[in-house]
Amino acid sequence: MILLLVLALGLAGASPLGEYKECPPHSRPWQVNLHDGKMSCSGALIDRWWIVTSFDCALTAHRTIATLGDHDLTVEEGTEQHIPVAEVIVHSPYRSPLHSLTMVRLAQPAQFNQHVQPVPLASRCPQPGEICSVSGWGSTRPNHFEPQQRLKCITVPVVDDQTCVNTFPQYLYWSQHMVCAGRADTDNCMSNRGSVMVCGGQLQGVQWFNHGCKDPAHPSVYSKMCLYNDWIHQVMARHPPFETTTVSTTTRGRKD
């Protein structure tokens, strides 16, 4: 009941279409900040041991900390859980043209409370026109790459595949494992790896590619999470957590 209430409140607090706003504090309890002292990116907590993020966020395990329950990156609010990363599993091959996804295993389990909750995996695929919420700490201004201090949110419509293909960069390949969201006056141009897209209370996208704030008329591309449930469960089964564990970085392909 607590999780459902938090999810409902979180999506209800999303910004009006086309406008970036600060998320209501702690309204996205699944949002994770991954950082290694040099760079940071977003991810989604899906289990007390596991985070899913983009390939671009495949940081080195032994140097990376996952911060859960955060809102303002510059202030310790007392809600944060800072947990070392134990293992990083990259879905390969990357952009070949199939996948851009990484799973991160925590060295210690997350402690669920009102500020830290997992987001449910997708039980269906998103539909064109469906309105979703995207959140992340990335910059929303051109040529500014420093992370925002506070978590930002925007609501975006899912775009049909053909419209997305028509705006897709020639140097990337279109794949059925992608989903696009955004339009000319509402796009996710956050320069934040692993920004999270939630539709109807379910994890439907992790940012794969966007055109940046210089070109917001084109939709952003996300990994289509509804097609990755089998892979996610395979990774979790093959890499069982331990209360005390060594750290490593691993690359694994999908078992077909």
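A Cβ is built for glycine as well, from the same backbone N, Cα and C atoms used for every other residue.
A quick note: this is a predicted structure, and the numbers were derived from the prediction, not measured.
Annotated signal peptide per Swiss-Prot: 1-14, in sequence order.
The feature domain 'Peptidase S1' is assigned by Swiss-Prot to 15-237, with sequence analysis given as support.
The disulfide bond annotation in Swiss-Prot covers CYS23-CYS153 (among others). Taken residue by residue with DSSP, CYS23 (disulfide bond) is part of neither helix nor strand, so it is coil. Of all Cβ atoms in the shown protein chains, 23 besides its own fall within 10 Å of the Cβ of CYS23 (disulfide bond).
Residues or ranges marked as disulfide bond by Swiss-Prot on the basis of sequence analysis: CYS41-CYS57 (among others).
According to DSSP, CYS125 (disulfide bond) is assigned to coil rather than to any helix or strand. Residues or ranges marked as disulfide bond in Swiss-Prot: CYS125-CYS226 (among others).
In this view, CYS132 (disulfide bond) is surrounded by 25 other Cβ atoms within 10 Å of its Cβ, with every protein chain counted. Swiss-Prot lists CYS132-CYS199 (among others) with the feature disulfide bond, giving sequence analysis as the kind of evidence.
Marked as disulfide bond by Swiss-Prot on the basis of sequence analysis: CYS164-CYS180 (among others). Counting every protein chain shown, the number of other Cβ atoms lying within 10 Å of the Cβ of CYS164 (disulfide bond) is 21.
For CYS189-CYS213 (among others), the entry in Swiss-Prot reads disulfide bond, with the evidence type sequence analysis.
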Among CYS125, CYS153, CYS199, CYS226, the one of these disulfide-bonded residues whose Cβ has the fewest neighbouring Cβ atoms within 10 Å:
CYS125
Cβ contacts of CYS57 (disulfide bond) (under 8 Å, same chain, 6 or more positions away):
LEU34, CYS41, SER42, GLY43, THR102, ARG193, GLY194
For CYS180 (disulfide bond), which residues in the same chain are close in space, meaning a Cβ under 8 Å from its Cβ, but six or more apart along the sequence?
VAL158, VAL159, ASP161, THR163, CYS164, PRO219, SER220, VAL221, TYR222
